[in-house]
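*Asks:* TrEMBL lists these features:
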- B:178-212: domain '4Fe-4S ferredoxin-type' (DOMAIN)
- B:40-63: transmembrane segment (TRANSMEM)
- B:83-106: transmembrane segment (TRANSMEM)
- B:112-131: transmembrane segment (TRANSMEM)
- B:143-164: transmembrane segment (TRANSMEM)
Amino acid sequence: MDIFTASLWGITGAAFIASLVKDKQKTFNSMKMAKGMMKNMVGQIIGILLLIGLILTFIPPEVIKSTLGESNTFISTIVSALAGSITLIPAFVAFPLVGSLVDAGASIIPAVAFLTTLTMVGLVTFPLEKREFGLKFATIRNIFSFVFAIMIALAMGVIM
Amino acid sequence: MKIIEIFKKNKLLTAVSLAYVILFIAIPDKAYLSVKNSMYYIIEMLQIMPVIFILTSIIEAWVPKEVIMKGFGEKAGIKGSVFSFLLGSFSAGPIYAAFPICKMLLKKGASIANVVIILSAWAVIKVPMLANEAKFLGVQFMGARWILTVIAIIIIAYLMTIFVKKKDIPVQDEQDIGKVTGIDIKEQYCIGCGLCEKLLPRHFEVIDKKAKWKESILNDVQIDELKPVIAKCPVKAIGFK
């Protein structure tokens, strides 16, 4: 276990004990919630992790580099941002997937674009958003979020 | 019947497992290699997954959301925006879970800008998720993306106030109590927490992790009984119809 994960366990352990001391019942209820969340997501997580293995085995790094790499940034960024807008997977399972592609040679610009639109832009949830906040709010918020996701991605490309 | 349902719920896992089964029969070498390639990510995920879910749940239990919600409105200025960031960052669940809560805050006088901040922060800035991002993509990557995202959210919120005014947002008129015919539960938002069932088992029942309204004719006393339950629903999924 790396230092980062270990310290996260340390912090969470301390928070858990503090929570337990303060209110036993509340802590047990929150653990029930944690268990429920995990149960809901575990199928998806294992599915994505096994998919990573298939991708790394069957798609050679050269292909990942040429389609998602530095030479092809513009189109791959737009396509990744669109893909992020239409998919509805929790960011939680997206991080290892994106991480594996970046390790295999993908540029971080499309990676960031995908991660940001994945959470901020929602075409699948658009009808819900429209019903609660109206067409104008939902449309403009999603368009702005899309445009800014690409700007964040480009800025990340400059910084990193 | 039950097995089919399990497959239906886990479409991705089913498809990937099927691919593996075929692969193990056809080209076992490649199948072993795939498992080996996945192994690193599975081990890393097993180390960090429980801690993230536990942390998320502890935050959800202890962060006083009601206090934060009271902290802002139209006039709350920078303080309101900071509270909006906090509310979004410390809440669990996907972006659409924030819709009914934001709608309620709008009704109570929160500004468009602050609602946009809550929605966006809710979507992208989660403390436990940042830990996950740092794990798989590096601390530097996470930090840089976090700073850029916060800046972007502030700009988006400001731009939204130019284009969208409060009158553009649909409001359901306050229900005339005399015309209440029952209870409406928005299933997409219900998380099946069971709070309504616990408080009023006569009226609510959780079936398949969704709260259901037990049909009955309401009188004034019962409507008064239902009001606090509607207010207490953590995802604001209950309303009169």
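In case you wondered, yes, glycine gets a Cβ from its N, Cα and C as well.
Annotations in TrEMBL come from automatic prediction, not curation.
Each of the listed features needs to be described in terms of its position in the shown structure.
*Replies:* Mean pLDDT across the domain '4Fe-4S ferredoxin-type' (B:178-212) comes to 81 in this model.
Residues 86, 90-92, 126-129, 131-132, 135-136 of the same chain sit 6 or more residues outside the transmembrane segment (B:40-63) yet have a Cβ under 8 Å from a Cβ within it.
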*Asks:* Helix, strand, coil: count each for the residues of the domain '4Fe-4S ferredoxin-type' (B:178-212), based on DSSP.
*Replies:* 7 helix, 10 strand, 18 coil
